[in-house]
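Annotation comment: TrEMBL describes B:18-38, B:58-76, B:111-141, B:153-177, B:198-218, B:230-255, B:288-309, B:534-558, B:593-618, B:630-648 as transmembrane segment. Under the heading domain 'ABC3 transporter permease C-terminal', TrEMBL lists B:61-179, B:543-654.
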Amino acid sequence: MNTNVSQKTMLQAQSIRKSYGKKGSAQQVLKGIDLHVAEGEFVGIMGPSGSGKTTLLNVLATIDRPTEGKVLIEDADVSDMKDAELSAFRRKKLGFVFQDYNLLDTLTVKENILLPVSLGRRNRSGAELAYQAIAQSLGIEGLADKYPHELSGGQKQRTSAGRALIHRPALVFADEPTGALDSKSASNLLDTISKLNLERRGTIVMVSHDPVASSYCSRVIFLKDGRIYSEVYRGDKSRQAFFKDIMDVQAVLGGEAVDVV
Amino acid sequence: MTLFELVLRSMRKNIKHYYLYFFVFIFCTSLYFVFVTLQHDVSLPDRMDGGSVFSQAFLAAGFLLLLIVSVFTIYANRLFFNRRSREIGLYQLIGLTKRGVVQLLLLENTLLGIGALVAGIVCGALVYRIFLVLISSLLGFDGVVTVHFSLSAMYQTAAVFAVLIVLTSIQMVRMTYRTTLIDLFQAENRHEHPSTPANGPAAVFGLLGIVLILYGYWQSGRISQNTLFIGSLAILGSIIAGTYLLFRVTIGWLFGRIRRAANGHLGLRRALSLAPLMHRMRGQANSLTVITVLSAMTLTMVAAAYSFYYSAGKDTRNALPYDFAIENGESNAAKHFGEELDAKGIRYDHRKVDAIRLTGKICAVPSLSACEETTLLVLPAEQLRQTGADIPVPEPWNAAMYDGNAKLDRLTQDPNADLPKTIEMDLLKSESGNKLQLTDVVNRFAMNYNVYGDQLVVSETTFRALKAGMTALPQYEQEQMKERPDYAAVAFDTFQVPDKPQRKTASEAYAAFVPEGSHPFDYEREYRDKLQSFGLFIFITGFLGLVFLISTGSMLYFKQMTEAEQEKRSFITLRQLGFEKKDILKGIMRKQLFVFTIPLAIGIAHAAFAVKTVSVLVPSSIVVPSATAMGGYVLIYFIFVLLTMGYYKKIVKAAI
């Protein structure tokens, strides 16, 4: 099914370690993680609370720096880039979707979505076209002049997705994007995102504790205690079948499996 | 943990957070203590002519100081309560009763208040000497100042600020009992939801704001003496209402237009400045109006006080061109005064100036109905020039009026507007075919202002003709026998003492040569009196201005601090979107410039017009001293911009 996946490597993590606290009493959250994500993949990261999912996402997404190891995005080593370089890299190549949307509440939907392209010296008509296209595929054209507090959770998350995708990032990071949504809005959003992903040949890395959300992925990685515990591929399976596979691994893993059903 | 330990802990945290608030509180307490001590100080007023003026001035100053401190503390207290609402909610969530929370807050407020009060009084007592030296030099006192620590001043300060602490405590209790738990947890997120104002009404009210302010400015330029009270109330009302509308509607409306023109393509900098400002200004219209009006008031006060002080010498010269002028040598006062000066070894320049005094009418040219009957004092220009005065010689039969109050007497119209006027002298009408014409009004006096009669300067030949006409009158000799003749030839003995210390000695000697019961009008005495009252004025307005400035600056700073906390989340998001710290800070800088500059600029504009209106009281120029005072104000004001930027920088740096 995933004909979209090419052999080109988009993201590569090499023996990532991350510890917090002072030396001596440091607590290791990531204990050596190797990861390889190909262009066009939709990768889910799951695991019980405290397994290090969000830390891993932050390190991969250049928001946090690993204590040891390397992160390569499109063959560029982001773990030792300077702040200015890193900022420019994030702006050009990466997109972010968060659980609590993180929209700027004094900006309208359109202004929020256009924010990432505002520094890129892109001409205004080009940006306008990009906005029209993304707003249409997310179904939020009618909301351009609305402020975040006037929107429903699903609409906010669509706006947030629009902001993450408008500049056609090579790699999108999503941290529990459906965490605050009801199940209908959640599946709507995930449908749209995975469709867009197919169209635009983008790559997505998503952290979620929700097996339904993860079943939209092409591959799901399970973390436990800062290490990769297992991986499942969707392959040609239907989403329902893949959901069952995920549930099976979670049952073995323990933790959150109980509160899902 | 006991309640007391909890209090100590949160106090320590608060001092770190609100150091500026404590600084302002301590500063105000110290200053109030100093004012009260000066009010009760017996040694100073003795040296001034009007001792009661001195203590009255400090009484008023202390009152104004209390007013601003109350506004400031109550504003700050509310802001801090909102900021701590989550903490207060948390105490209640874990089982502390409202009563318990109130106890905690009261204990904290009382301890901190008393601490600040004691610190303020101690600082006040320590710096009192400096204030004393400063005021002595401003008022031109010399000699050593003695310092007494005034117990009654201490009691008064303690009592007044204790009342303030009680007031804020009551405010805290009320706020605690009136808020529900859910309010407390939402307080931080409960800033006004942004919305785009309806375009039509916004345009109307937005323009109305500008119109009201401009109307006030326009009216201030044409206020006249008979409408002084109503007129200034109308101007004040119009300007304050206009300022409020400006913040409430106009600025948001203008920003909205810019934003609509951008059609969503806002860019980072405008997203960080224009958008939040547009929404926040509306909610803060009240406090911004108060801040702007306070700034305008302070600026006017300080600029006017400095102008008066700055031009005291020049203004006195305008009123008293001669150090000493003695009318008619008959009583020999002039001769004896000269001898006295010789005896004291004082160098002086003595000149005689002739003049005639008679009644006359000054009439506007078109209609003879508008005539002003008055006593005229006619002086020859050539003789005045010989004394060193800079007075041009008028054409024959032309006269220039020298009146140092010309600007004040004719508040609105230009004194030279309807010239020339004719001058009619009934006595001399038949004698000469020539008519005297008033061609010029000069805003200073040609002869010391205390001499009787409106001063007209004519050329020597004209003067001689007039004098000859008068003395030739058959009834002239008879008239001179009266105690106060209706017309007479008079003479003035003018004395100029070029050396300053000698002038002072001469001034002391002069008092003996003035008729009993009348005030000695001499340059030196008048100048010192002026310096003293304006010195007092500038001392008080200077420090009050500083308190106003620090209070308004701190209010803006606290408000920005709260906003920075609320916007923290946005900064993290922006960093994740790939914006650099320096780009974000540039956007914030722009916002700060607006937040601080808009009230300042409007305040300065208001003050400029107010000072212009007040300037009729100052004959000499007000531009230099006003600009200096305003410049100083702006400089101190920008310290708060720097403080705020520093705070934002810390928050953005911590974002990722």
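Backbone N, Cα and C define each Cβ position, glycine as well.
When the domain 'ABC3 transporter permease C-terminal' (B:61-179) is classified with DSSP, helix, strand and coil residues number 102 helix, 0 strand, 17 coil. Count of Cβ pairs under 8 Å against the transmembrane segment (B:230-255): among B:18-38, B:58-76, B:111-141, B:288-309, B:593-618, the largest is for B:288-309. Residues of the same chain lying 6 or more positions beyond the ends of the transmembrane segment (B:58-76) and with a Cβ under 8 Å from any Cβ of it are 18, 21, 24-25, 28, 31-32, 35-36, 38-39, 160, 164, 167-168, 171, 287, 290, 294, 540, 543-544, 547-548, 551, 554-555, 558. Beyond the ends of the transmembrane segment (B:198-218), by six or more residues, the same chain brings 235-236, 238-239, 241-246, 248-250, 252-254, 256, 605, 609 to within a C-beta distance below 8 angstroms of the stretch.
For the domain 'ABC3 transporter permease C-terminal' (B:543-654), the DSSP counts in helix, strand and coil order read 103 helix, 0 strand, 9 coil. The listed stretches are B:153-177, B:288-309, B:534-558, B:593-618; of these, B:534-558 has the most Cβ pairs under 8 Å to the transmembrane segment (B:18-38). Remote same-chain partners of the transmembrane segment (B:288-309), defined as residues 6 or more beyond its termini with a Cβ less than 8 Å from a stretch Cβ, comprise 68, 71, 138, 240, 243-244, 247, 281, 315, 530-531, 534-535, 537-538, 540-542, 544-545, 548-549, 551-552, 555-556, 598-600, 602-604, 606-607, 610-611, 614-615, 617-618, 622, 625-626, 628-630, 633.
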